[in-house]
């Protein structure tokens, strides 16, 4: 068991090192984005939501077709891939890179590798469920897709996308400041109270 854990940790360390190497040109930008997403300054959440709102209002106003939106998105990604490695060292100053920044960059890459492994693990479990319990797999997938389709029918596509993107952007900050843990604990306590009250009524 210990040997398997060591092998998994070594493999994860190798994947983290490879990712660090691949993202080396983006390290300053990644650290700046990490500071914003973790709300290191009080005004970061407002700026984040303001920028997201302006972007979606612009999309709503222009109302581009799917093909136009996809083309513009890919074009912006290509421009970023070309310009960021060139401009980032000049803007942030590559000679100012410190040990603390390198440690944080290593942690970010490690978290990205862990997230990738979780997604792969969920996919493998889904495939296992399909093979071992096909009826449960079919019922779960169909019911989930029906629920998503119903939500998509009730809520405007762009607004629904805006809510999802906003939640994902705010999630690291909510987690960093313990807000999710706080309200999850409150919800758990309320549920426990309701369960106890129900048990007393049944007695």
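The backbone N, Cα and C atoms fix where each Cβ goes, and this holds for glycine too.
Taking TrEMBL as the reference, the stretch among 43-62, 103-122, 183-202 described by the feature transmembrane segment is residues 43-62. In TrEMBL, the transmembrane segment annotation falls on 136-153 of the listed ranges 10-27, 136-153.
The transmembrane segment (43-62) and the transmembrane segment (136-153) are not in contact, since fewer than 3 Cβ pairs between them lie under 8 Å (pairs 6 or more apart in sequence). Distant neighbours of the transmembrane segment (68-88): 25-26, 28-29, 59; these residues of the same chain sit at least 6 beyond its ends, with a Cβ under 8 Å from one of its Cβ atoms.
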